[in-house]
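Working notes, beginning with the structure itself.
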Amino acid sequence: PEFGLLLLVIFVLLEGSLLPLGAASSTSKSCEEAKQGHTERHNFTKKAFPVLGVDYGHIKNPFEISLWVLLACLMKLGFHLIPRLSSIVPESCLLIVVGLLVGGLIKLAREEVPPVLDSKFFFLYLLPPIILDAGYFLPIRPFMENLGTILMFAVIGTLWNAFFIGGLLYGICQISNSDLTAIGILPCLLFGSIISAVDPVAVLAVFEEIHINELLHILVFGESLLNDAVTVVLYHLFEEFSVDGSVTVLDGILGVISFLVVALGGVLFGAMYGFLAALTSRFTSHTRVIEPLFAFLYSYMAYLSAEVFHLSGIMALIACGAVMRPYIEANISHK
């Protein structure tokens with residue numbers, strides 16, 4: 001017991017003597033850390049205020065888009081300043097050539113993969129202004145007088161092109177000893193619907209230069225305006241059939257009905273928004289600055305509303321522009 005008591009006393013004495021040492025060491029350690037931090041704060045040099053900086057990545061996309069638009073405007077200006085050039089080669093062909101040259105230079109200059117233009121961006125942002133321009137300046141009277149002939153060319157002609165091209169491709173794919181025999185009829189028809197519409201932009205430009213008679217001009221212009229809508233509807237129809245994989249007679253009948261509903265539904269949406277734009281333009285005499293904005297917004301809303309219900313946004317834009325134009329020109333100031 002005495003030995004155990006002696007060990008306990010020695011342990012207590014050792015613990016008491018070690019605690020001040022530990023506290024002292026920790027205190028000295030904290031003091032050293034404080035001195036080191038103080039030294040580091042003194043040695044820290046404040047970063048200079050940036051007078052000039054370069055951050056191209058921050059504005060890369062809008063800058064390149066603006067550059068492309070500026071280039072197109074300069075090319076358009078150059079074609080009018082050099083009329084001999086546009087008389088030799090159509091303006092649309094020159095724009096295509098310039099675009100190919102600039103695109104090739106960009107591809108050679110940059111190593112990264114350039115951005116790809118997807119269909120959603122094209123249909124939602126690039127296509128509506130083009131169709132609105134054509135629909136708004138559409139000559140209504142000659143168009144309605146020749147509507148039957150225009151529809152025959154635009155609907156029957158486009159359908160014939162799509163089925164003829166698709167059937168011809170399918171026949172070529174089914175040739176024996178060919179690696180394309182696995183391709184079915186639906187992919188061929190889908191491809192045929194894409195390239196079936198003709199776009200006579202160069203022909204129309206020549207017609208305007210030589211002042212062709214009004215009947216021929218409105219037939220070609222009206223057909224080129226409506227066949228785009230027919231092609232888009234036909235493409236989406238064959239796309240749905242391709243997803244299903246098999247098509248029955250009932251599917252074909254429903255497809256024809258859907259074709260009519262999509263086209264007529266788009267016209268109804270466009271006419272409705274056209275009347276709304278015409279009605280709104282009656283009350284904008286005191287706010288002239290926002291008058292053009294109403295025309296653009298109602299037209300774009302007609303396109304988007306038709307697309308919500310899977311109707312023809314192109315037909316909606318054409319109808320909206322044609323309906324609102326007489327009232328817009330009468331109510332909105334030319335200033």
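Think of each number as a place in line: the chain as shown, counted from 1.
Placement of Cβ uses the backbone N, Cα and C atoms for every residue, glycine included.
Not measured: the values here are computed from a predicted model.
Annotation comment: TrEMBL describes 1-24 as signal peptide.
The transmembrane segment annotation in TrEMBL covers 65-82 (among others). Beyond the ends of the transmembrane segment (65-82), by six or more residues, the same chain brings 91, 94-95, 98, 102 to within a C-beta distance below 8 angstroms of the stretch.
Positions annotated as domain 'Cation/H+ exchanger transmembrane' by TrEMBL: 70-335.
Annotated transmembrane segment per TrEMBL: 89-109 (among others), in sequence order.
According to TrEMBL, the transmembrane segment annotation covers 121-138 (among others).
Residues annotated as transmembrane segment in TrEMBL: 150-172 (among others).
Counting only same-chain residues 6+ beyond the ends of the transmembrane segment (184-206), those with a CB under 8 A from a CB of the stretch are 90-93, 158-159, 161-167, 169-170, 173, 217, 220-221, 224, 227-228, 230-231, 234-235, 237-239, 241-242, 247. Look at TrEMBL and you will find 184-206 (among others) tagged as transmembrane segment.
Annotated transmembrane segment per TrEMBL: 253-277 (among others), in sequence order. When Cβ-Cβ distances below 8 Å are used as the criterion, the transmembrane segment (253-277) is approached by residues 229-230, 233-234, 237, 241, 294-295, 298-299, 301-302, 305-306, 309-324, 327-328 of the same chain, each at least six residues removed from its ends.
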